[in-house]
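> To start, I am sharing the structure in question, which I have written as structure tokens.
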Amino acid sequence: MTFAPGAFADPARAVRTAGIATVGLYLVAAVFFTLAPGTPVAKVTEPFRWLLITGLLVTFATGYRAVHQLPETTRLRRQVIGYGAALAAAAVLVPAFQSTDLYVYVNIGWQQIGYGMDPYRSALFETPNWQSDPMFVQEWPFVPCSYGFLFALETRAVCALSGPNHALAVVGFKAIALATYFALGAVVWTGYRVLERPNPIRGLYLVLWNPLLLLHCVSNAHNDLQFALGVAVAIVGFARGRWLIVFPALAVAALVKYLSVILVPFFLVASVRRFGWVRVGLSGAVALALAVACWWPYRTGFDESYLSRTGSNHSTAHYSLASIAVFSFEIVFKGETREWLAGPFYAALKAVCLCAFTVLYLAALVRVVRTPRERDAGLASASVFVLLGIILTSPKFHSWYLGMVLPLAVWLPIGSRTRRLALAMGVSNLLSFTFVYQSHLLNALLMHVVPLVLVFRDPPGPADRLRGVIGRSRIPRAVPGLGEMRAPRSST
């Protein structure tokens, strides 16, 4: 018996091995990040992070190669889901080691439950005992709640259940992250069926086993998957003809993070064309009622002053493509020259970013308008394209923002540049768990520019092949996303 280069003699066993090894890596990470802080072992944190992401990438790629070899059977689906559940259960045990946002969620909830304050009107530093209350962590003390009203209510509910027990509140948010992860997996699977996409098990694998999603959105409990879940339900609801849930699902996403508002025109165009104005109006009315119900408890705090108090946080340039220009400017110009040029430079940079996003946005909107009446009317492609566009053109970026995009990207056609870019960035942004994330210029070059160059240097294509885009090395050929390239021309 002969095998193709890189093929496994027993791919089913390779899936099991990759799953068990990955669970082990998350459990080791849970022990390390629980016990290492404050001990001499903390000195090896950076080497441990490199070993962790390298191991996770290798097992992720190995599992994908093995799944790619196997026929899509019920047994394989159970394997992927079973190990995916085990990975998530192990990942949830890993403390929030990369970001403090989880503790900011507790701050927001405890402001409401412990002190009866509106988190949109009052920042943490305006809360009594904010430096002595053990429920508070002194992170982002001068910025009011920057999340949607539904998420603010969620933080309130978690802290109401936990009471003055910080550890229990953290467990509550992690439980929500875990439940969201499983729910999103179910919606991704349903979407594959409804949208009639090929190879649903491979797509499910790319979500449930994804190390970036597991570390950022389960271990560190970022709420981006809640956003993705709302958008995903809206797309599946549209494709299944469930017109009533389309705009309420989008509203849920916006009430977690406001960003989904930019997707409304796409869904409006497609929904009016398919369902008519009356049904769209009814769905929109339900969405509006939901938004008002969530906004009502915070109606006095969410005013003009709120936007001015949070504006500087949203416009800060870091970890993004725009930050390359910012840090280059600061390196080249010093002293009075920099002060003199700073105003025009930042205004020009902001204008360039806005123009770039506007062009991408209008291009996507035109495409949806021209899309024939297919299952999803191009909404999945447009949503991923626009969300990636705002990620790449926004001055501010964090790697966990990809949690809003990656679960949707797997629905796109194999070989789609948009899909490949999303998956490639999901790989490159594993560097966010190392010193690279804090290395100005280097972070944006490695996490943004490199995947852009690698993906766009080859034309798009429909085939699902494991072919590398980084030279002829073996590892990139197996990396999900980077290996999905155009099929070679037939010799016959």
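Note: Cβ is positioned from N, Cα and C throughout, glycine not excepted.
In TrEMBL, annotation is done automatically, which means it is predicted and not curated.
Dumping what TrEMBL says about this protein:
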TRANSMEM  18-36  transmembrane segment
TRANSMEM  48-68  transmembrane segment
TRANSMEM  80-97  transmembrane segment
TRANSMEM  171-192  transmembrane segment
TRANSMEM  243-270  transmembrane segment
TRANSMEM  277-298  transmembrane segment
TRANSMEM  345-365  transmembrane segment
TRANSMEM  377-394  transmembrane segment
TRANSMEM  400-418  transmembrane segment
> Sequence-remote contacts (6 or more beyond its ends) of the transmembrane segment (80-97), Cβ cut-off under 8 Å?
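Contacts of the transmembrane segment (80-97) (Cβ under 8 Å, skipping residues fewer than 6 from its ends): 15-16, 18-20, 22-23, 26-27, 29-30, 33-34, 67, 103, 170, 174-175, 177-178, 181-182, 185, 201, 204-205, 208-209, 214-215, 218-221.
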> Under 8 Å, at least 3 Cβ pairs, sequence separation 6 or more: does that hold for the transmembrane segment (243-270) versus the transmembrane segment (171-192)?
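Counting Cβ pairs under 8 Å (6 or more apart in sequence), the transmembrane segment (243-270) does not reach the transmembrane segment (171-192), since there are fewer than 3.
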> Establish whether the number of Cβ pairs under 8 Å between the transmembrane segment (171-192) and the transmembrane segment (345-365) reaches at least three, counting only pairs separated by 6 or more residues.
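Answer no, regions not in contact.
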> Give the nonlocal contacts of the transmembrane segment (48-68) in its own chain as ranges (CB under 8 Å, at least six residues past its ends).
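Hits for the transmembrane segment (48-68): 6-8, 11-12, 14-15, 17-19, 21-22, 25, 28-29, 32, 36, 76, 80, 201-202, 205-206, 209-211, 215, 427, 430-431, 433-434, 464, 466, 475, 478-480.
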